Amino acid sequence: MKRQELFIFGLIIMDTPKSSISSGTTTRRFELLCIMMLTFGQLCIMTGYDSQSFILESVIHSIHEKEPERISPYAGYYGQAVCYLAYVTACLFSPSFLYATSAKTTLLISSICFTSFPLGFLFTNSYYYYFSSALNGIGFAFYYTGNGGYITSHSTRQTIESNVSLSWSLGCCCMIVGSIIMAIITTVTQEAAPEILDILNATMGSSVSGHGIERRFGDSEIYLLFSVFAAISSLAIFTFMLLPSQDVSNCIEPSEKLVSFKDGMKLMADTLTSSKMFKLAPTFLLTGIHTSFWLSIFPTTLTFNMHNSKLIYLPAIYGFGIGVGETIMGLIISTLSKRIKDFGLKPTMLIGCVLTTIFCFVALLSTPFNATVTPSHEDPLLFQPNRVTVFLVAMIGGMSDCCLCSVRSVICALAMPKRRAQAFSVSKIYQSLGSCVIFFISPFLNLYHYVFGIPILCLLAGIFFFRQAVMNQRSYEFLCAFLLGMGQLCVMTGFDTESFILETVIHSIYEREPERISSYAGYYGQAVIYVFYMLACLISPSIITVSTPKTSLVFGAIFFTAFPLGFLFTNSYYYYFSSALLGVGLALYYQGQGGYLTSHSTRNTIESNVSLSWSLTCFW
């Protein structure tokens, strides 16, 4: 065969037969080149899509406010619902399309579909808007099917986790690029914004309790934003045209497929009804619903919160934080996957569920309950968002999404080795179905539905995922050490922080009600704690021998919890009693911790497990 050469990014890529790519260093370099090109294409199409999603409902609302007959005020949510409905439908046949063509062709068509969407905002029309939303959904299905097919044909079993995490984390730099673009365009177009806001606030201030109106987007800002997004998306078309086609040796799944379109549809039906996919369905649904929340619904609340009307850079800051979080977590997963076998499965799933729950909890505290669907001047439960808190919340959201998406990609590649393309598509069917339903009903939901429903789904998804995923001993050790560290973080967050202020708090209570408690009870109470700690240390090893470390840890946690409850009805008798219980809890906890670590570590891993558990604790 005549050798052909392709010059890309300063490297010569030989279009040699598929079997000619040698193993070792050369193969790994070729893998990385292919993954980096795939990642750059993802960066281009997702820079537009993700950044648009942050502001889509707010932009549509701004257009509706100026021209009500032009488009529905909820078209931002409805358009994304149409997108995910088309996504669900296209996922049914995209694997068969992949079989009939190639991963490269599938990726190329997807990039064209993605580019069509932002072009519609140069002449906003509801018909084209919904049509391009449907095309966007088809582009999604084709992209992720092509992405999965391309990665598996350019990865081995040893490199799949690292390649997936690397691709996802670098691809998620699109959030950073998009946020920079939004910040620049906002700066360029903001000169008239303060005057407009002042006029509108003076006109409408009385109707919104003096808090002003929500952040609005002007025509020039909309045109510039979506023109740039369309231009960047078009770069993906050229990138995917230049992708190398040959596979690596020992790849998970070769790109040459001898399956007809009809047989591919039969495989798809078999995969869709597989018990493995049913068990993983809650995980895929969680990914879709959580994506809808952090990608569109929560950032919409930032612009619909009237207290933020002059914080015009919040969408850009939020996008930057998401990108930083995605990138950091992707690099962490990629690094640890090389050192800890199967780290990309159960440990990553656990971390993702914990971070998702934290994201929902912080959103609950900082967001007006009705700001998901309408401009609101209500106060949040605890604090108003500002630039710093929005960035930190966004980082948590990005890290949680990276975990869930990495887990989904890895489990699909491993759960059904002979039907990987179909498994990827089935995962996307469930994911997009969750997003589609959420966007269709979002005008009828408030914040509480999301922040309580998503953590419950995390629990359900975790249970089913853990039953399906297979984990080796080292990953199991890591998981146990991580859970132990999280438990210690919880009990010590209260105990150590209370100790900083205990005597001061007691003295404040004494100043108001001297008969209620001694002015030095803070010191005396801690003395009681350590007296009982000392006494309990005499018997706690014996308790371990007749029970288990897990039982000791549970009782220790209960005793830790009993102490702060006493300050809801401060009473000297209960205070000293709970101090004694706390001392016993300290002894039981540390005894249980030592027993649990030694029973879940080997001689070679005890040091790293202790360090991991203790380092997590110090975040209190």
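Placed from the backbone N, Cα and C atoms, the Cβ positions cover glycine too.
The structure displayed is predicted, hence computed values, not measured ones.
Taken verbatim from TrEMBL:
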type: TRANSMEM; residues: 105-121; note: transmembrane segment
type: TRANSMEM; residues: 127-145; note: transmembrane segment
type: TRANSMEM; residues: 166-185; note: transmembrane segment
type: TRANSMEM; residues: 222-243; note: transmembrane segment
type: TRANSMEM; residues: 284-304; note: transmembrane segment
type: TRANSMEM; residues: 316-336; note: transmembrane segment
type: TRANSMEM; residues: 348-369; note: transmembrane segment
type: TRANSMEM; residues: 389-411; note: transmembrane segment
type: TRANSMEM; residues: 423-441; note: transmembrane segment
type: TRANSMEM; residues: 447-466; note: transmembrane segment
type: TRANSMEM; residues: 478-495; note: transmembrane segment
type: TRANSMEM; residues: 551-567; note: transmembrane segment
Report, as numbers and ranges, every residue of the chain located at least six residues beyond the transmembrane segment (551-567) whose Cβ falls under 8 Å of a Cβ in that stretch; write 'none' if there are none.
484, 487, 490-491, 494-495, 498, 505, 540, 543-544, 574-575, 578-579, 581-582, 584-589, 591-593, 595-596
May I ask for the residues of the chain that lie six or more residues beyond the transmembrane segment (284-304) and have a Cβ under 8 Å from a Cβ within it?
50, 53-58, 61, 76-77, 80, 84, 214-215, 314-315, 318-319, 322, 356, 359-360, 363, 367-368, 371-376, 385, 390, 397-398, 400-401, 404-405, 408, 426-435, 438-439, 442, 447, 450, 453-454, 457-458, 461
I need to check the long-range neighbours of the transmembrane segment (389-411): which residues 6 or more away from its ends have a CB within less than 8 Å of a CB in the stretch?
148, 151, 160-161, 164-165, 168-169, 172, 175, 280, 283-284, 286-287, 290-291, 294, 298, 302, 314, 317-330, 333, 344-345, 348-349, 351-352, 355-356, 358-359, 362-363, 366, 383, 424, 427, 431, 465, 468-469
Counting Cβ pairs under 8 Å to the transmembrane segment (478-495), which of 127-145, 348-369, 423-441 comes out on top?
348-369
By Cβ distance under 8 Å, which residues at least 6 away from the ends of the transmembrane segment (423-441) in the same chain are close to it?
77-78, 80-81, 84-85, 87-88, 91-92, 94-95, 137, 140-141, 144-145, 148-149, 268, 271-272, 274, 277, 280-281, 284-289, 291-293, 296-297, 408-409, 412-413, 415-416
What same-chain residues lie close to the transmembrane segment (105-121): Cβ under 8 Å, and 6 or more beyond its ends?
38, 41, 44-45, 48-49, 52, 59, 94, 97-98, 128-129, 132-133, 135-136, 138-143, 145-147, 149-150, 222-223, 225-227, 229-230, 233-234, 236-237, 239-241, 243
Are there residues at least 6 beyond the ends of the transmembrane segment (348-369) whose Cβ is under 8 Å from a Cβ of it, and what are they?
283, 286, 290, 293-294, 298, 301, 305, 333, 376-385, 389, 393, 396-397, 399-400, 402-404, 406-407, 410, 446-448, 450-452, 454-455, 458-459, 461-462, 465-466, 469, 479, 482-483, 486
Other than its close neighbours in sequence, what residues sit by the transmembrane segment (447-466), given a CB gap under 8 Å and a spacing of at least six beyond its ends?
279-283, 285-286, 289-290, 293, 297, 301, 346, 349-350, 353, 356-357, 360-361, 363-364, 367-372, 407, 411
